[in-house]
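Inspection log for the structure reproduced underneath, given as structure tokens.
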Amino acid sequence: MRVGYSSCSLSHSLYTTNTHHSLFPHTSKPIQNSSFNPFNKILKANLLKSTIPITQLPFVAALASKAVALKCGRVKEMESQEGIVVSTKPMWDFHGIDEEVIQKMIFDALVWSSLHGLVVGDRNSLRSGKVPGVGMVHAPFALLPMPFPESHWRQACDLAPIFNELVDRVSLDGRFLQDSLSRTKKVDVFTHRLLDIHSKMLEMNKKEEIRLGLHRSDYMLDEQTKLLLQIELNTISSSFAGLTSLVSELHRSLLKYYGGKLELDSKRVPGNSARFKFAEALAKAWMEYNNPRAVILVVVQSDEHNMYDQHWLCALLREIHGIATIRKTLAEIDTEGELLPDGTLLVGGQAIAVIYFRAGYAPTDYPSESEWRARLFMEESSSIKCPSISYHLAGTKKIQQELAKPNLLERFLDNKEDIAKVRKCFTGLWSLDDLDIVRKAIEKPELFVMKPQREGGGNNIYGDDVRENLLRLQKDKTEEDAAYILMQRIFPTVSPTFLMRDGICHKDHAISELGIYGAYLRNKDKVLMNDQCGYLMRSKVSSSNEGGVAAGFAVLDSIYLT
Ligand SMILES: Nc1ncnc2c1ncn2[C@@H]1O[C@H](COP(=O)(O)OP(=O)(O)OP(=O)(O)O)[C@@H](O)[C@H]1O
Ligand SMILES: [Mg+2]
């Protein structure tokens, strides 16, 4: 940790307040209307009153006059689109906040995260990416959990096994994957390469009998309709299962101690077993491979800074399940890998039972042919791939958009109730050959998001850029439009929050995105695991379009059930 201070003499540099005036650039409703959020009032008071940048004032002195005890007890109801009351839990009526309590919480939270491994590599430290234990900094996190209606949380959890099954069914339909992505293939080199590997597997009639999926389905709760809407489903490198459960533990720990003062109950933060469940799924897959000498290969990026999230899973695999892991980049796998005639993959002479991809989802992961070679021979091997190329393609944004078309879900799912549940969380998704929608998006670009077939954050197009890009595509008359999909923009509630990054607390307005992890393991006809595996809450400054924590847009959060 680079910060040195004690709980009783906190420097004002620990704390900044964002007082910019365009606090709600993406929502038509001002903060005053954010009714279902119990933390709104507590923070609103401070945020709206702060006309002098807090960084110019001695911290404690600046806020001492505002330190007021918190009050609660008001009852609020939240109505869903169908007019059904979805939450009748008491909502708090905050008249202020005890800033001293917050200062103490900041200090305790920073100590807690250092002691419990809620850490990432510090980009300022050159050696942090190479040597474990060197150059660590706490992961970005929110100081308080984000209120979230229990009914919507349960709805999202219920969807996890259905989406797991859906991915598996879609992955088996090679023609559907190839056909749906055929236009995209012509204009997107990265998708082209992935499809080539997939084609080769189809030609070889390669069957993945043991299939492991570690997924994360991301949702936002639309403020106006109160609908839980899916942002996307990640089937490759679903990150933060390691760190997210620590954030829930951190919030529970803080509320156990400070909850009385804040009138918040630590038990309303649901337990989060993501790291244990993902390690369990990997261990079960390893067992199915049935070679006690084989190890799990974690495919990593060479400049990874979120390695402790991955190390958590590896440590649990070793400590709870007695399974060894090795970490290799795609380039290293190309150099050290060997495919035996019986399909066994050896890396550095060690047999690989499971290949767990934490890299390989972005074009930058393949700077040369070497990386593509490694991806291909891993796919050809008998190792269990997490994900296989089919699972990877099933998670592309184009496939998400195809599945939203009428009668498509029916092709893959049998149970009508399941189909209805999945459809309910789909928002508007369109291909760019829908000229009517393109026209609407040019007229009102703020209501849409334009997405290429990319993962890892920072690739989507928003606002006026949507209009500009659509007009350019119309003018160029190429097939480049096939590289994108259009998605209806979701507007979640904007809530004041405390965002912790680099040992500094920022007060700002944030929107949140809930991810639910899912694990699926199947051996031939036997489904060995199809579980919901905990959650990831991410909160980001409301003025930011993108949502990635690693990409620097968001912080890890947890939920406070309302
Ligand atoms: N329809 C939408 N409405 C509002 N915000 C959106 C929408 N789609 C995406 N976003 C925002 O953009 C972020 C990135 O979008 P998305 O998850 O589709 O891209 P990604 O590159 O696959 O990201 P990730 O690294 O999280 O997998 C989301 O986390 C969310 O904050
Ligand atoms: Mg994604």
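Every residue, even glycine, has its Cβ placed from backbone N, Cα and C.
Site annotation (TrEMBL): Mg(2+) is bound by E232, N234, and the candidate from E446, E455, E468, E479 recorded at this site is E455. Within the set of binding-site residues S239, H305, A359, V549, the entry lying nearest in space to Y462 (ATP binding site) is V549 (CA atoms). If you take every residue in the domain 'Glutathione synthase substrate-binding' (294-394) and average the pLDDT, you get 98. Counting residue by residue with DSSP, the domain 'Glutathione synthase substrate-binding' (294-394) contains 43 helix, 26 strand, 32 coil.
Cβ neighbours within 10 Å of K540 (ATP binding site), excluding its own Cβ and spanning all shown chains: 24. Ligand 1 lies under 6 Å from the Cβ of the following binding-site residues, listed in sequence order from E232, N234, P452, E455, R489: E232, N234, E455, R489.
Least crowded of the binding-site residues (R216, R489), judged by neighbouring Cβ atoms within 10 Å of its own Cβ: R489. Highest local Cβ density among the binding-site residues Y361, Y462 belongs to Y361, counted as other Cβ atoms within 10 Å over all protein chains shown. Candidate binding-site residues: E232, N234, P452, G458, K540. Nearest to Q310 (substrate binding site) by Cα distance: N234.
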